[in-house]
Amino acid sequence: GYYGGTCVECGVNHTANVTVSCSGRGTCSDGLSGDGSCTCDAGSAGTWCQFVCPFSNTTGSCGGHGTCTATGCACNTGWALNSTSGMCDSCKSGYYGSSCAGICPNCSAVSTCNDGFSGDGTCRCPYGHYGSTCQFACPRDGNGTVCGHGRCDHVGNVGGCTCHANRTHGFWTGTACDTCVSGFKGAMCNISCPTSNGTICAGRGECIGDGVCANCVALPTDFHWVWCGVACQQAGTICYDFQQQCPAGFWGTNCVSRCPGAAADGSNSCSGHGVC
């Protein structure tokens, strides 16, 4: 219990109120050749073994991944303190792998890192985001929906919207899949516009609303001036209908055909030099 040439009491410090050798938790280097230092038992630390930390027969003090201090276990880099056990037995947030040595990349604010013992350090992107740190995003339509009428596809840092192209979900285009493909109309872009010889509205009209050809107008190369039909493909007297009164400048079953030479509002029919 004493050490040195003057046989000083070993492992005590009355000033620090350590009156038992090595606080009763260690072995003092005593005898003439001793230096009075304490070798602490597992789970204890400090000059006089005055600090006590959690201990496991399997992993040792502080879970084997920390240092015992006056305030408890101080965990090594990458390790986190377990608030229940007081040991350093799990990875700190942002670290991963069996030894918690892997450091997560700087994932964007919308994502989280796959950290922890079983993590691989990759950023987990929410739908609509992609890239190594989820730094890229697919465009949204006017309603804020990712890729509107399509899906966000990506491979690595390259991605974008793949638009629906079927009768059920419609035929869409545009960077955010929010525009009907040419030749389709309707709220779901799944109504085909009428065609004649493979040309929408025979090239003489415009497809509007729910896929209806309107405002049929003769082409410069046409022999007839008056055209009608579901695809603006019929001409001549078959186009005349006297069973209803259409606004000036318009004619046809639904009054959607415009007289030759007429302006958009129906005025100036036949260029003002004839009667439609």
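Just so you know, glycine gets a Cβ as well, placed from its N, Cα and C.
According to TrEMBL, the cysteine that forms a disulfide bond with Cys134, out of Cys125, Cys147, is Cys125. When TrEMBL is consulted, the disulfide partner of Cys49, picked from Cys40, Cys53, turns out to be Cys40. Cys49 (disulfide bond) and Cys134 (disulfide bond) are 49 Å apart (CA-CA, integer value). Tertiary proximity for the domain 'EGF-like' (96-135) is limited to same-chain residues at least six positions away from its ends with a CB under 8 Å from its CB atoms, namely 65, 78-79, 90, 146-147, 152, 154, 156-157, 159. Here the domain 'EGF-like' (96-135) has, by DSSP, the following mix of helix, strand and coil residues: 0 helix, 10 strand, 30 coil. Reported as a whole number, the C-alpha separation between Cys49 (disulfide bond) and Cys125 (disulfide bond) equals 48 Å.
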